[in-house]
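Per Swiss-Prot, these features apply:
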TRANSMEM  9-29  transmembrane segment
DOMAIN    10-179  domain 'PNPLA'
MOTIF     14-19  motif 'GXGXXG'
CARBOHYD  ASN39  N-linked glycosylation site
TRANSMEM  43-63  transmembrane segment
ACT_SITE  SER47  active site, nucleophile
TRANSMEM  138-158  transmembrane segment
ACT_SITE  ASP166  active site, proton acceptor
TRANSMEM  332-352  transmembrane segment
MOD_RES   SER374  phosphoserine
MOD_RES   SER396  phosphoserine
MOD_RES   SER406  phosphoserine
MOD_RES   SER430  phosphoserine
COMPBIAS  465-476  compositional bias 'Low complexity'
MOD_RES   SER468  phosphoserine
COMPBIAS  477-486  compositional bias 'Pro residues'
Amino acid sequence: MFPRETKWNISFAGCGFLGVYHIGVASCLREHAPFLVANATHIYGASAGALTATALVTGACLGEAGANIIEVSKEARKRFLGPLHPSFNLVKTIRGCLLKTLPADCHERANGRLGISLTRVSDGENVIISHFSSKDELIQANVCSTFIPVYCGLIPPTLQGVRYVDGGISDNLPLYELKNTITVSPFSGESDICPQDSSTNIHELRVTNTSIQFNLRNLYRLSKALFPPEPMVLREMCKQGYRDGLRFLRRNGLLNQPNPLLALPPVVPQEEDAEEAAVVEERAGEEDQLQPYRKDRILEHLPARLNEALLEACVEPKDLMTTLSNMLPVRLATAMMVPYTLPLESAVSFTIRLLEWLPDVPEDIRWMKEQTGSICQYLVMRAKRKLGDHLPSRLSEQVELRRAQSLPSVPLSCATYSEALPNWVRNNLSLGDALAKWEECQRQLLLGLFCTNVAFPPDALRMRAPASPTAADPATPQDPPGLPPC
């Protein structure tokens, strides 16, 4: 049982085009547990979850919000590159949908209750905005929270003079760590309201506070978050969100609203015989047995307005141009002409965006100069720090290497040079003088090595006279000419 006497929050995770799942959950909470929405202290959201949280807090039509998501996905699927096509402007589309859907006093209803997760560009920290001075500021906060770098553009939008990007980058599920926060996510995992996949894999991945279980269904959902699936698939996701919200309410004992259509007693005519009365009683007993099952089946259906809006969004218009464009020869010709039409469409869309960007050019150019300067300064400081750390060590290594390469093995007769070497090294003040002294000592050591006393045997250099029987006295030994004494 969910404790009604305590305070609680609701948090919607960012999920791209899968935000239609949040529409189903929000519709279920608003229909079957309105006190859960009305008495919530805060309702948070990041990226696409911020759009649903805004619609839920401000009282906007959820059916229209769900239809807008499907319309945007259909618009993205029309193009060759999908949402990456140059002519598809997601930021402009989101802004137009919010202007059309939100009421005029939406900022007054959202003040203090709605929390939108943003990522500050300057330091990458997460910021939650809860106060808005106008409807335009509330819409701009949603635009900042849904702005994915490179996917939506290169220059991030501004809110109150600060640049922000997608809130899911820093915190995709705000306040998930609190026990009194009801977390909603379209990925199966440990969120309170999420799909229940029949997978035995216990491993999970946490992406900026969002629990995602490792299974094939979640891989499919991740692939469709930024590249939308077909409209009927999105409608089924909305229905799944509605059923998952209903299961959460049942599990926590919050589904207390009876269905008035099922509570009405059967109408029995006043004039009937006993047999007809018995048949009616028997049918009433069967209805009582089937009532819980029918009640569950009725509750699992989407609300009429939401279902109608989703169906209208999924239906393709039956005009002549649509029929012709769906024909196979036309589609083949369109695909073959893409290399020629894509540059032209890119040039046209680039020109339109440039004209729309003109009012913001001075501010954006100033920001780009500041960012470029800060990046260059950071790179220079980092290079200086690395040079300061490695240069002394490299110099000391080179000096040690020179000593190891220059110092030969000293014989015992030249030990005096090795004993005298540290004295003049310590007494020298200049590195150049020390190196010069070291070269001089090296030359002396080499001369000492090559100047070796050669001891010849006495009989090797003796001048022998021709052998005669009378001359037997040996000659006195003399030093051979040409050899200096050592």
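Cβ from N, Cα, C; glycine included.
Compared over the recorded positions SER47, SER374, the count of CB atoms lying within 10 A of a residue's CB peaks at SER47. Within 10 Å of the C-beta of the residue listed as 'N-linked glycosylation site' we count 10 further C-beta atoms, all protein chains included. Sequence-distant contacts (6 or more apart, same chain, Cβ under 8 Å) of ASP166 (active site, proton acceptor) comprise GLY14, ALA46, SER47, THR119, SER145, THR146, PHE147, ILE148, PRO149. Within its own chain, the transmembrane segment (332-352) is flanked in space by residues 80, 85-87, 89, 325, which lie at least six positions past its ends and keep a Cβ under 8 Å from the stretch. Spacing of ASN39 (N-linked glycosylation site) relative to SER374 (phosphoserine) is 46 Å (Cα to Cα, whole number).
In the motif 'GXGXXG' (14-19), the DSSP tally of helix, strand and coil residues is 4 helix, 0 strand, 2 coil. Over the motif 'GXGXXG' (14-19) the predicted model carries a mean pLDDT of 92.
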